[in-house]
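Accompanying notes for the structure given below.
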Amino acid sequence: MATPQSVFVFAICILMITELILASKSYYDILGVPKSASERQIKKAFHKLAMKYHPDKNKSPDAEAKFREIAEAYETLSDAHRRKEYDTVGHTAFTNGKGQRGSGSPFEQSFNFNFDDLFKDFNLFGQNQNTRSKKHFENHFQTHQDGSNRQRHHFQEFSFGGGLFDDMFEDMEKMFSFSGFDTTNRHTVQTENRFHGSSKHCRTVTQRRGNMVTTYTDCSGQ
């Protein structure tokens, strides 16, 4: 027959297990989409939540943590290989690193992106907030890379292999109605910004040939 002490210990264990289950939300729950969600649904949910919880727009104390959580969920679910591995091993095993083992794993790839060009070209959060916006993205992905022991690759001309940045670049091209491809499957995006307090003009030139993108900034003073 169970004693009061054993019943109490059992109740505490059940409570702790319940709290752990509730605290460990799946990536689908974080983005608010069903497990059967399409790539388009996942992308749409991420963009909506990222704009809502971006620390430059949302001043609540937990906004930055929420934003990083959203970005991490999207980084996994937007990649077909990662999503399959995540669905196979489950959230707990995946986040503990069991879903990141094996030779040639897609999780070993490194994401390096020029955040200055991203925010300067598209000005998502206002010109005066570009630096802070860039830093929030940089800090998240640097932390995520360090935690996963990913190899860093430095390059100037790079290929978007899918995932967060390719999706954002593609959506922004459509949003701002950039010119289409010519016969060489290449297009150039040029933007010009006047910096406050100076007569200096800078333009960012982005050239894309297939999946290869090269971006540089050309500045001239008057």
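Each Cβ is built from the backbone N, Cα and C atoms, and glycine gets one as well.
Record features (Swiss-Prot):
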DOMAIN    26-90  domain 'J'
MOD_RES   S133  phosphoserine
REGION    91-222  region 'Divergent targeting domain'
SIGNAL    1-23  signal peptide
Mean predicted confidence [pLDDT] for the domain 'J' (26-90): 91
The domain 'J' (26-90), counted residue by residue under DSSP: helix, strand, coil: 45 helix, 0 strand, 20 coil
